[in-house]
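Student: Following this message is one structure expressed as structure tokens.
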Amino acid sequence: MLNLLSISSSSRLRFLNKVSSLTYHYSFAFFSTSSPASSSSSSLGNDSAIPRNYESSSFNLLSRSKEKRDLTGSSLKDLLFDLSDVVPNITRRFRRFPGLKPEDVLELSLGFESELQRGGIGNIKVQALWEIFRWASVQYQGFKHLPQACEIMASMLIREGMVKEVELLLMEMERHGDTMVNEGIFCDLIGKYVDDFDSRKAVMLFDWMRRKGLVPLTSCYQILIDQLVRVHRTESAYRICLDWVETRAELNHMNIDSIGKVIELLCLDQKVQEARVLARKLVALGCILNSSIYSKITIGYNEKQDFEDLLSFIGEVKYEPDVFVGNRILHSLCRRFGSERAYVYMEELEHLGFKQDEVTFGILIGWCCYEGDIKRAVLYLSEIMSKGYKPDVYSYNAILSGLFRKGLWQHTHCILDEMKENGMMLSLSTFKIMVTGYCKARQFEEAKRIVNKMFGYGLIEASKVEDPLSEAFSLVGFDPLAVRLKRDNDSTFSKAEFFDDLGNGLYLHTDLDAYEQRVNMVLDRSVLPEFNSLIVRASEDGDLQTALRLLDEMARWGQKLSRRSFAVLMRSLCASRAHLRVSISLLEKWPKLAYQLDGETLNFLVQEYCKKGFSRHSKLIFHKMVQMHHPIDNVTYTSLIRCFCKKETLNDLLNVWGAAQNDNWLPDLNDCGDLWNCLVRKGLVEEVVQLFERVFISYPLSQSEACRIFVEKLTVLGFSCIAHSVVKRLEGEGCIVEQEVYNHLIKGLCTEKKDSAAFAILDEMLDKKHIPSLGSCLMLIPRLCRANKAGTAFNLAEQIDSSYVHYALIKGLSLAGKMLDAENQLRIMLSNGLSSYNKIYNVMFQGYCKGNNWMKVEEVLGLMVRKNIICSVKSYREYVRKMCLEPQSLSAISLKEFLLLGESNPGGVIIYNMLIFYMFRAKNHLEVNKVLLEMQGRGVLPDETTFNFLVHGYSSSADYSSSLRYLSAMISKGMKPNNRSLRAVTSSLCDNGDVKKALDLWQVMESKGWNLGSSVVQTKIVETLISKGEIPKAEDFLTRVTRNGMMAPNYDNIIKKLSDRGNLDIAVHLLNTMLKNQSIPGSSSYDSVINGLLRYNQLDKAMDFHTEMVELGLSPSISTWSGLVHKFCEACQVLESERLIKSMVGLGESPSQEMFKTVIDRFRVEKNTVKASEMMEMMQKCGYEVDFETHWSLISNMSSSKEKKTTTAGEGFLSRLLSGNGFTWKR
């Protein structure tokens, strides 16, 4: 195990989530060129990524710290703090402990596991628990975790994908001589190794388990075997599969499909005996194997050329081979021993149940023709006909080729006639054989006739029929100019090779040896169908339907796909979106061929799968390439990163990112924009900056373009400050930044409402005599006006000649309330002959409304009516708000009529909603009824916003019945009320004493799954129940809502009330709930709980809460401090009281005089005068006077006990005691 776990993973995913739940720590340097540190993997899912926080005020772009916490010097309190919002009820008790016992760690682990099962706890918290686990291991020599704690910890680590940490835990256990006996944990760890494509570690861990006598689960066997088959690890797959069959001797614990894959893999590697052993064991267990497994073993024997054992196997298992298997065997026999012996073997197969078809005889025909035995080939053809089969075109082609090869071309017409009689269409391959054969026989007239016939069938173009002989030569594969048919004019015909019908002596003017070699080669290749070459040709031509059809035919003809054909076919299939899934199925069907693909093809497959979004398959091939050390192209890395940003988890993305960095990956500049966009959306801003640095350095001639693209992407996605920091750094290094970059920064910063930064960039541009673009100016000018920088806005507007700039100025001045300037600007605009926009009237209308200039409002409104300019919704909202507050609601209603003329129904609802809202705000709810009647008359249906306004408005107007009625109507329509509406109705019901209806309402919300985490509503219901004395009902209600996840953010008031009434259990439960919800309770909550515990003399629990309270930064009240001090004194634990007072002083608090006196009196009772005197000194330093009786009593105790203690040299106890300036004599 130690050897296994010490193996460093080849590509370890780094751990990103070392972040506290309350604070984030950042620490990476700007433009750091170091690659991200690898650490343990974490499962973060295809969740929506939350971009990391970055500060823009510094040149240092900061990221989360990826370093693990150094446990040296870490206190238990620090470590427990990270878990205080997960299991506060447990961590609270351990805060005051100097260390942890094994039982404590187990309790903490059990509590954490329980919370983890409820969900909502991520990797960060598991890492925090792991750090406590590690801290406990080293707190003192000899500490040993309990086995159950180790199991729980390992299980949680595996669940979060923290594999490295699990390995460390197991190594630690083995050092202590312990062994984990939970098979499930090891199986889960093997599963993680498989997920990370680390089959080596998975197999080693499996072997270790078996040596320890542990039996993996069925699912573990299955996933491990499937992975080993995928990576073609035959020996390991067989060994584990055999162990599975022998160990799990029950069929319901085995997956026959997985075992079948192993058998196929064994047969592919010619390990047929091992495959047969597996099959026998399955049969011995009573398993009825399907024919596919027997087929695989049979083909394995065939590949091994062990035909005797093949027959023996078939006879033993009584397997009847199908035509695919039988034809495969027959094809191999023909190639190895010839067609005659193959036929004899076929007859033996027939006796064992094999049923041949026309292709079976076609294989025999082809090989007979290849061997030159045309007679037997024709006999086989006759046998096909006699059995009622229809001969295949390849069989006829074989016979035609055989006849031509033997010089029997005169008999070919009989074959052609038979083909026609059987209704077989002559194909291009048949015509090509005929042309080639006639060219071989020097029957060129016949060859011309065939070419003309091909034209009749539409197989060649008309232009090629003009010279049919040249076309015939082209079909054979000759260059027509290199082969000429010439007449021998010599009277002796010395050159004549043959004669035409007219008796002319003719000869071929060409290289006769090459001619004969070519025609013979074509005829030889036509004897047996060469499916591999046909598939390659169809794939390269893009005819994938034909290629796939040939692939199916190939299997029937018993031929195997070659590596080259597979590679070409896969590339073509991947390039076609319609056939992409076919390529995936072929990869799974032929794992051995997939394993043998070359690096270039694998790179191509990854790129195409990524383009089509098949990230899982691209990831599988990528890991295979890494394991086989294939070179990975830059384009492949780019495709993977882009695809994983969209489809895979953050860890998968970072894994590829790390590998790309190690390979010095550099994307093409054209891909950078898309990459930066994807990475930023995934939250990897640090990686974006790193990539930009590399691109910027690597493309010196395109640095301006790279900077522009980088800044554009970051500003669009909301990271303008990061982009600005990068640009400032580049400027500091002497780089020249284009003006367009500044424009992108300005737009981004304005969009992010960081106006001051945008103004700073504007100043920089103006200093450099640069003028912002029109788009930048339109965003800057209104903001400058609102920021009281109208002068700069005017100066900027003068630089741009556009009517849009005038609108921007008017808008900015209007929104800033500078209406006189806006009017002057409008006059200038009109005097320059520029037409005004409808928007200008709307913004001025809004400006006059804000300034309460009603005369101007009416003037602009009249102008808008005359010009038929529709008032915008925003303008109407400003107007109706002012009118309803005046109150002049009739004016608002009148304007609404004008506005509705240009609005669709949804717009009408918005307008009515605004009118209802502001009428309620103006306490004019009677007019609301009229508005509702009007809406009903016009057929305008109220939406969710309307109902919410009505519910809250009527409630605020004390019309509770109407409020409840509209709430009920809203719920009945399936609309979810907002918190404000629910709060208003619940409060009114509770105030009127009808808490039952409030509870019923809450149950309705709960039944619909509406999570309304309103603390006010819950508090109101609970407080009402408590005031009515119905404490059990209040507790049941709170327990139910917290259990169902409907937590309110704050329960402080309820906690205080329950604690005061002595219901501490539910009060503590609510306090814990708040902490789990990452909401820190108020000091009053802790004070009330502590005081309640003190009333029941539960001092230890009270101190637990007190310690937690202080560590959370809360200040206990004086009464809480005092109560603890008094209770500890009463319990004869005065040293604890003393410690509390000192702690209080250390925190800057002032203990009361009564607290000091209580502690001093207790020390006096215990005759501990030294401590008493120390308390008196502290009391005096806090400004309190010690009375004479206390002093004298202490002196008397000192004298009677003869306790003498020298303090400072030459100073007695009495003088030291009475030297405080706070002492006064009684008069």
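Cβ atoms here come from the backbone N, Cα and C positions, even for glycine.
Residues or ranges marked as repeat 'PPR 3' in Swiss-Prot: 217-251. Annotation comment: Swiss-Prot describes 290-320 as repeat 'PPR 5'. Residues or ranges marked as repeat 'PPR 10' by Swiss-Prot: 527-561. Sequence annotations record features per position, and here Swiss-Prot assigns repeat 'PPR 12' to 598-632. Annotation comment: Swiss-Prot describes 633-667 as repeat 'PPR 13'. The repeat 'PPR 16' annotation in Swiss-Prot covers 738-772. Feature annotation from Swiss-Prot assigns repeat 'PPR 19' to 837-871. The repeat 'PPR 20' annotation in Swiss-Prot covers 872-906. Per Swiss-Prot, repeat 'PPR 21' is recorded for 908-942. As annotated by Swiss-Prot, repeat 'PPR 23' applies to 978-1012. As annotated by Swiss-Prot, repeat 'PPR 25' applies to 1047-1081. Residues annotated as repeat 'PPR 28' in Swiss-Prot: 1152-1186. Annotation comment: Swiss-Prot describes 1-31 as transit peptide, evidence class experimental evidence.
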Student: Just give the helix, strand and coil counts over the repeat 'PPR 12' (598-632), going by DSSP.
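Tutor: Output for the repeat 'PPR 12' (598-632) reads 27 helix, 0 strand, 8 coil.
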Student: Determine the mean pLDDT over the repeat 'PPR 10' (527-561), rounding to the nearest whole number.
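Tutor: Computed over the repeat 'PPR 10' (527-561), the mean pLDDT is 93 on the 0 to 100 scale.
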Student: Treating G and I as helix alongside H, and B as strand alongside E, what does DSSP give for the repeat 'PPR 25' (1047-1081) in helix, strand and coil?
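Tutor: DSSP classes over the repeat 'PPR 25' (1047-1081) add up to 22 helix, 0 strand, 13 coil.
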Student: Which numbers of helix, strand and coil residues does DSSP report for the repeat 'PPR 10' (527-561)?
Tutor: 24 helix, 0 strand, 11 coil
Student: How does the repeat 'PPR 28' (1152-1186) divide up by DSSP, counting helix, then strand, then coil residues?
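Tutor: Per DSSP, the residues of the repeat 'PPR 28' (1152-1186) fall into 26 helix, 0 strand, 9 coil.
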Student: Quick one: DSSP breakdown of the repeat 'PPR 23' (978-1012) into helix, strand and coil?
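Tutor: DSSP classes over the repeat 'PPR 23' (978-1012) add up to 26 helix, 0 strand, 9 coil.
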Student: Across the repeat 'PPR 13' (633-667), what are the DSSP residue counts per state (helix, strand, coil)?
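Tutor: The repeat 'PPR 13' (633-667) comes out at 27 helix, 0 strand, 8 coil.
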Student: In the repeat 'PPR 3' (217-251), how many residues does DSSP assign to helix, to strand and to coil?
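Tutor: The counts are 28 helix, 0 strand, 7 coil.
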